[in-house]
Amino acid sequence: MRRASAIAIFELKRMFQKPQSYILMFGMPILFTLIFGGLFSSETEVKPSIAVVDQDNSRISQMLINDLNSKKIMNMTFENAKNASAKFADQKITGYIRINESFEEQVLMKENPEILFVHSPSFNGSKMIEQGINDSMIKLKIGATASSVYEDITGDNWNRVQEKISKELVVNSAGVETVTVTKSKDLATMNNMTARSAGFTIMFVMITMLISTGVLLEARQTGVWYRMMSTSTSKKELLTGYLLAFFLMGWIQFGVLMIISKFVFHVNWGNLLGSIVLVSSLLLCTIGLGLFIAGFVKTSEQQSVFGNLIIISTCMLGGVYWPLEIMPGFMQQIAKFVPQYWGLEGFTELSVRGGTLVDIFVPSGVLLAFTLVFLIVGMTRIRFE
């Protein structure tokens, strides 16, 4: 074990003596996280700009406008018909709502007044606004009917009753509220910065591990294997030392990036024990992948070329560069056959859903299954002489 530890320490020193190693291991993941983390995310919610044309200018039309505004589903402005049409034609607004004359009269007569909502065919939020208009109209009709009945019974002015009912409806209207249910209340949603930080940490750790496992091919090419095995060092000690070096190197890189992302990008990595198990499973899988590739190539240069091609393409497929939700359904199913998908799935379980060690049993198990396959195939094909 002493010889294995000596080999591991030597390889760690050799790796960290190179200045370019720090750029690859720490600089590039942070840079890619900044670029892609800000590409698909937005700190503020973008609401459509909708102009309101009130041609009735009545108490009931104003109540309708107030109720729509309370839903907070649009940025509302007030225009006349000519200006609204011109701004819509110039694409300065998303659309406009027109309340025709005699609107109040039609509501009181229990008729269905027409409310015109003009928008472009490509506007995806039109259904939400139309539903908001319908909901507000239902409230308005209920209030108008109740006010009319109250006036008939008491002889009191219906305007005061209608205004009171309208205020109560606006106060109790919470609009559309999205609630994410999690196992804990520490984190409700996973923003894109968190997803990209985890994804690019995985990718660059895999690239670093790939370069590190290329040392085995380099040692075979230069005859280091033969010279070391001619000493009292056994093949088992030699291989254990290299695998230990790769594992520790991966943990140093992953650990530093987790700390940086926690304080710089405010990433919550979730349960500590779960993170340790998941990262260890992912590192073992990555080392296995490196040995798997090393078993099919002859030189470290070939391993670097084919390995980077495999890692980058599977990272794209596994959801590292962008959210899986934007990919076609069949691609999302194929993504389940790459290790990166299960790594991200495990981190999602820990950081978003507040999961613990038990909740990452499946992702960790799949990663260890990948590890077993890669190691069996890789170790049977690698020649030590």
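Heads up, residue numbers simply count up from 1 along the chain you see.
Placement of Cβ uses the backbone N, Cα and C atoms for every residue, glycine included.
A quick note: this is a predicted structure, and the numbers were derived from the prediction, not measured.
Pulled from TrEMBL, these are the features on record:
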DOMAIN    159-385  domain 'ABC transmembrane type-2'
TRANSMEM  21-40  transmembrane segment
TRANSMEM  198-217  transmembrane segment
TRANSMEM  238-260  transmembrane segment
TRANSMEM  272-293  transmembrane segment
TRANSMEM  305-324  transmembrane segment
TRANSMEM  360-379  transmembrane segment
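For the transmembrane segment (272-293), the neighbouring stretch richest in Cβ pairs under 8 Å, chosen from 198-217, 238-260, 305-324, 360-379, is 360-379. Scored by C-beta pairs under 8 angstroms, the transmembrane segment (305-324) has its highest count with 198-217, from the stretches 21-40, 198-217, 360-379.
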